[in-house]
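Novice: Please find one structure pasted underneath; my questions will follow.
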Amino acid sequence: MQLYNSLSKTKKTLNKKTINLYCCGPTVYNYIHIGNARPILLVDVLIRYLKSRSIKVNYLQNITDIDDKIILKALENNLNELEVSQKYTSAYLEDLKSLNINQPDKIILISQKMNEMIDFIKNLVDINAAYVLDGDVYFDIKKYENEYCKLSGYKLDELISGKRVEIDSKKHYSLDFSLWKKTDIGIKWDSVFGLGRPGWHTECVLLIDEYFNHQTIDIHVGGIDLKFPHHENERIQFIAKNNKELAHIWLHNGHLQINDEKMSKSLGNVILVRDFIKKHNKNTLRWIFLTTNYTQPLNISDDLIYQANKFFEKLTNLSKKTIQFIIKKDLKIKSINSSEYINKFNEYMEDDLNTSLVLSLIDLLIKQINKNIVDKNLDNFNLLIGSLNYILDVLGFDNVFNYKFDNKTKELFLKWQELVKNKEFNKADLIRNKLIEQGIL
């Protein structure tokens, strides 16, 4: 399988039977919005595909339950930080379920790893990769300036002149970033450096380092907005501590726009996942994300949502026609996992998750199944139905194509046909209403 690696700027081959994967999780101070959902859905589709190819995936995700934003939210609502973080952690897990996203194998709350975090930072200080100043701890970028910014592609002098970093006069170098923050505000822990809490960039790298036993992971996933400084700072800490790369492949998904505008609070166009699902459905967002390569920006327009609705409408109508055809022809449909269509699906997915071509393949299958039904053609019908069902299932679509039914439904449909044939329309209408409720007519 080939995936685009943001570090090398080339597609890289993934050919292992066990994959270690990390994806940045949410900071739990609010409900997640649809932009937050893009990398998580990307991972879900990737893992579902890898598992369909008998590849094992060890998937780790953090939940940042310690952060200035959480403290601010708590102060605004007269709550403590724990109440805020617990509320939105639960909400996040609910949203995953609502989107039919499989939970990671391991989710770790940052607050549960505070001792390990302190030890990790102390280790960086001990090897002179970081320094302590008045209770704060900073990473020493100058020691690793030949490695720093290889992921983002920035040049150090451009970052300084462009003010892409915080100005702090007490730091050795303006690009040095915080590993431990001395503070009297909000939740804090005692450490060898004094009272404070860890910096955000250390939280993720600590979990990767510990959970995957100090080894380079196969895939690191996150939004392109996190490439600098967050992922850059994760990477440099791991290199400093372990003298090796953090990840073989860095996957970054592109920005999200809403009707050609950046999604932002100031524009008032931020769409929460739960609000989107209420208005549309859980499958709509998945389809929208699959229309464009994950590395590219994606504009969610009213027209794109309309296209998504038409897609699911086609599948609903196809489900009805398929069930009717199977009953009329008394067919037995078997599940399959191999066909020319599935081979083509695998080919597209192996090429950096080319999901736009996969959606075209699904459209082709829908047209071919419809043609077979119209022509009353049984040739390859099981293969077509099985292929479509297999592909939709691997992509994670939930209950969008249904061709299965029980004997009671079959008997009801045949009875309805008989009544119509005998022109007993009043009785037929009673059964027809039941079949409509069941999604058969």
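Count begins at 1; order follows the chain as displayed.
Including glycine, each Cβ sits where the backbone N, Cα and C put it.
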Novice: Pick from 15-25, 26-36, 147-157, 301-311: which stretch is listed in Swiss-Prot under motif ''HIGH' region'?
Specialist: 26-36
Novice: Between 182-186, 262-266, 352-356, 367-371, I'd like to know which one Swiss-Prot lists as motif ''KMSKS' region'.
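Specialist: My reading of Swiss-Prot: the motif ''KMSKS' region' range is 262-266.
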Novice: How many whole Å apart are the CA atoms of C204 (Zn(2+) binding site) and K265 (ATP binding site)?
Specialist: 26
Novice: Need one number: mean pLDDT over the motif ''HIGH' region' (26-36).
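Specialist: Mean pLDDT for the motif ''HIGH' region' (26-36): 97.
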Novice: C24, C204: which of these binding-site residues has the sparsest Cβ neighbourhood within 10 Å?
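Specialist: Candidates: the binding-site residues C24, C204. Fewest Cβ atoms within 10 Å: C24.
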Novice: Just to be sure I understand, if DSSP states are collapsed into helix, strand and coil, how many residues of the motif ''KMSKS' region' (262-266) fall in each?
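Specialist: Its residues divide into 0 helix, 1 strand, 4 coil.
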